[in-house]
Amino acid sequence: MHRLLRRAVSPSRTPYHSLLTRHYTTMASRSYNDAVRALNSLQSNFAILTAIKASRMDMNAQAIPEMIEWVRRIGYTPSDFNKLNIIHVAGTKGKGSTCAFTSSILNEYRLSPPHIIRKTGLFTSPHLRAVRERIQINGASISEDEFAKYFFEVWDRIESSAEKEGLDKKDKPAYFRFLTLVAFHAYLREGVDTAIFEVGVGGEYDSTNVIKKPTVTGITSLGIDHTGVLGETLEEIAWHKAGIFKPGSPAFSVEQPENALKVLEKRAAERNTQLQVVKVHPEIANGSTKLGLEAEFMKGNASLAVAIVGAHLKALGHDINIPSGPLPEEIKRGLKTVQWAGRCQTIKEGSLEWFIDGAHTTESLHAAGQWFAGKTTPSCQNRVLIFNQQNRDAPEKLAEALSSSLKTALSTSDVFTHAVFCTNVTFKEQGYKPDLMSVGAPSAAIAELTVQKGLAKAWKEQDENAVTEVRGTIEEAVEYARGLEGETQVLVTGSLHLVGGLLEVLDVGK
């Protein structure tokens with residue numbers, strides 16, 4: 001973030017943030033919940049985000065230098081992260097599942113002789129139910145105690161450096177930057193020797209891009225998203241994503257639109273590497289290798305993961321000849337046993353079945369619609385949509401994309417019997433679970449259900465026979481679906497924040 005703008009509107013300058021910062025600096029107890037509340041104090045509020053969008057200052061140019069400075073202040077240099085043997089993945093959609101496939105495969109190699117890998121790390125975003133999900137070791141989220149330990153070690157190092165250098169102790173990195181620092185620190189302390197890092201937004205200026213020497217980089221499917229930060233065109237977005245390419249590190253991509261591919265290839269050449277476009281592996285295409293995430297569009301993500309694993313193992317001195325040879329058993333097991341909550345996930349509750357996918361772009365919602373259409377039962381009495389998208393411009397356009405996809409796939413204009421639009425607030429009484437707290441949307445709009453009412457109106461125009469409902473919380477939307485009589489199939493989509501809250505409600509309500 002540009003220094004002048006940061007000083008003008010930084011979250012560390014807001015009364016809310018300052019109060020929390022003072023509290024967590026001096027408190028004796030440092031539990032997981034304390035860490036989560038301190039972390040939440042680093043979120044940018046809606047006013048700050050609005051100011052950033054309204055400004056025409058080039059904040060991106062300062063992003064990496066500032067992140068390098070934060071790295072220095074916690075006692076490292078970016079070159080220290082080379083020992084983690086990092087795999088770096090960017091893209092618009094599918095990067096989380098690609099990272100999950102990659103992690104699952106590499107954990108199979110960790111467990112199988114000759115144990116090429118000792119300990120794996122996986123850093124992804126956003127989390128669904130608990131912030132510690134973002135930092136995984138050996139395929140599992142770090143514990144609450146481990147998260148609190150490493151969180152406050154980073155917190156203390158920043159404050160200690162401020163004290164020594166005459167800086168403001170209240171000044172902290174923003175939410176995602178801080179978590180990125182915690183992940184680097186935790187993995188170094190834990191002796192991780194293979195780490196997979198998913199880019200947050202973009203690539204060129206993302207906080208993860210302080211990585212100097214990844215073993216391999218990957219680009220998943222590209223589409224239009226985060227236009228306020230990345231640009232309005234696919235070419236501009238491709239430029240940002242390709243910013244993770246590094247000299248000497250193999251670069252892979254799934255098949256892309258021609259205009260985007262040309263940008264990726266040009267940037268790869270500028271970074272002294274060569275881009276390799278990955279087609280769906282024959283054993284994945286014909287179904288002989290099963291995927292734990294079984295949607296058709298997952299085949300491309302799985303194939304990209306296979307290519308990434310092959311290049312990574314080669315960088316570690318083990319060439320398994322994946323592109324032309326049959327898939328090793330470790331890869332087959334990793335692809336089959338992968339688990340990635342909230343993406344093409346189904347949960348059965350008697351006569352009610354939940355179909356859950358955190359799609360939140362036009363392209364990913366189209367894919368989610370096709371996935372649901374292939375799963376739904378024509379004779380089902382109730383076909384229900386639960387939808388929200390609080391943080392995108394014109395969210396009704398996303399709902400329209402989903403409706404169009406389903407109408408085509410199901411060959412009917414009556415897609416759902418019921419459509420429920422709710423906020424991302426978790427519970428009626430308790431409000432947000434602390435891990436799911438977000439100050440990225442205006443509180444007035446949430447209280448007045450402004451977005452949800454707009455979505456309901458737009459949906460009625462698309463699907464006039466559906467009963468449309470607006471609810472203030474995810475818990476109330478779940479109660480509504482559970483209250484319907486007869487066989488009920490529910491598609492929950494539009495937002496990973498919605499999906500995370502839904503999983504929390506479903507588990508609590510068991």
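Each residue, glycine too, has its Cβ placed from N, Cα and C.
Unlike curated entries, TrEMBL annotations are predicted automatically.
Listed in TrEMBL:
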| type | residues | note |
| --- | --- | --- |
| BINDING | Ser125, Glu198, His226 | Mg(2+) binding site |
| BINDING | Arg343, Asp357 | ATP binding site |
Spatial neighbours of Ser125 (Mg(2+) binding site) that are distant in sequence (at least 6 apart) but have CB under 8 A: Arg134, Phe176, Leu179, Glu198, Gly200
His226 (Mg(2+) binding site): tally of other CB atoms within 10 A of its CB: 15
Distance [Cα-Cα, Å, rounded] between Asp357 (ATP binding site) and His226 (Mg(2+) binding site): 19
Check: same-chain CB within 8 A of Mg(2+) site center, minus Ser125, Glu198, His226: Lys95, Gly96, Thr124, Pro126, Val199, Gly200, Val201, Asp206
Nearest-integer angstrom distance between the alpha carbons (Cα) of His226 (Mg(2+) binding site) and Arg343 (ATP binding site): 20
